[in-house]
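If you look up TrEMBL, you'll see 14-48, 49-79, 80-114, 115-149, 151-185, 186-220, 221-255, 256-286, 302-336, 337-371, 372-406, 407-441 marked as repeat 'PPR'.
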């Protein structure tokens, strides 16, 4: 192509033309062509300019080829602020923040003054790595030594980091500080603050900020609304969550599947299965009738949506409806996951359809899904309730072979299963296994075990059990 430029076409053959060509290749994600053009221009005797190098550095960093970018950087004579900032951004994207900070120091040593974008790049990298302390120190360095005014992006990154570090008061103080300095929060800042207040249970403060956003004519986005709805659901205030969903829709912000799943989960947990199913039907209707205006505007249910509803139906004893939803999934192009199978196995066990539950459990491997602790516990519970404790025990052993660590539910289920069939020695063995594994029983399990032993006049075993439990707990406390 370069030969055509030089000999065959009436296009100026100079370094500026090559720079344009390299930039075009980089912009179109054709980095190999950009590098090839760079090689050809040097063979033709042209000297790459700062623009040439910076364009290629940016292209390499965007493609996550930062090590190659560093090699190219070392070929440069006089890099500028853009050069250093581009490399710092690439390093921070790869989590190599220490190297980025070293590059910042070298930049200053070379007599170059970092700008707002340079500092913002490093601050963002530090916050993403969880080093909020260093980010805050760099913010102060900007103001005191470099006399560069931080922008809203820098403040937002640090505020978000402070919330995640649990430094709630510091985050709130920095939010106030930025406004005192004439730097007004944007949607990102408000979202950080609202999510922070929600995570710390300060719902009224979060809602106050939402109203403040509206007054300042900063339109909340789906992330902002979803965070608040999630918080209200966790608080158990479903009415407010549903009201906020309507306010969200009225504001012209379309909920996404995360918003819908959050509310569906809350409705199911609160026993409002009918409301959840109506909402689900509205989601499906909005997908089918794309020409009409719907509240959910084509929000597509995902595997989590189906999992929430299947579990809710099973908990309400509506097994047929749950199976219908399960069978609908592949027709919608949705692949069931481990959670789906665990819920369905739970439903089959509740109906005493243990053979089908076992078949579904066994089929998971052929579908590339591995049962987890919940799946195992669900089937073990089914076996024990049916008096098939030996099958439950075999499944317990299978857990160990697969490297899945039993939890308190596993042990307590087996203990109850053995007691149900009158095998006090079996329940005692599992109890002792539980203690030796470092899993501690609840008071109900201890009382039931002691009652069982006393009824069998096994007082020595009861005392030995208490002594073993006491020693184990003492060791745990000392450790």
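Residue 1 is the first one shown; counting continues down the chain.
Placement of Cβ uses the backbone N, Cα and C atoms for every residue, glycine included.
Below 8 angstroms of C-beta separation, residues 338-339, 341-342, 345-346, 348-350, 352, 354, 357-358, 361, 364, 413-414, 416-418, 420-421, 423, 426, 437, 439 of the same chain, each at least six residues beyond the ends of the repeat 'PPR' (372-406), sit close to that stretch. Counting residues per DSSP class in helix, strand and coil order gives 26 helix, 0 strand, 9 coil for the repeat 'PPR' (407-441).
Within the chain carrying the repeat 'PPR' (115-149), a Cβ under 8 angstroms from the stretch's Cβ atoms is held by residues 81, 84-85, 88-89, 91-93, 95, 97, 100-101, 104, 107, 155, 157-158, 160-162, 164-165, 167, 181, 183, all 6 or more beyond its ends. By the Cβ criterion (under 8 Å, sequence separation of 6 or more), the repeat 'PPR' (302-336) is in contact with the repeat 'PPR' (256-286), since 3+ such pairs are found.
For the repeat 'PPR' (80-114), the DSSP counts in helix, strand and coil order read 26 helix, 0 strand, 9 coil. Here the repeat 'PPR' (49-79) has long-range neighbours at 15, 18-19, 22-23, 25-26, 29, 31, 34-35, 38, 41, 86-87, 89-91, 93-94, 96, 110, meaning same-chain residues at least 6 beyond its ends whose C-beta is under 8 angstroms from one of its own. Sequence-distant contacts of the repeat 'PPR' (256-286), counting only residues of its own chain at least 6 positions beyond either end whose CB sits under 8 Å from a CB of the stretch, comprise 222, 225-226, 229-230, 233-234, 236, 238, 241-242, 245, 248, 292, 294-302, 304-305, 308-309, 311-313, 315-316, 318.
Residues 116, 119-120, 123-124, 126-127, 130, 132, 135-136, 139, 142, 192-193, 195-196, 199-200, 216, 218 of the same chain lie 6 or more positions beyond the ends of the repeat 'PPR' (151-185) yet place their CB under 8 Å from a CB of it.
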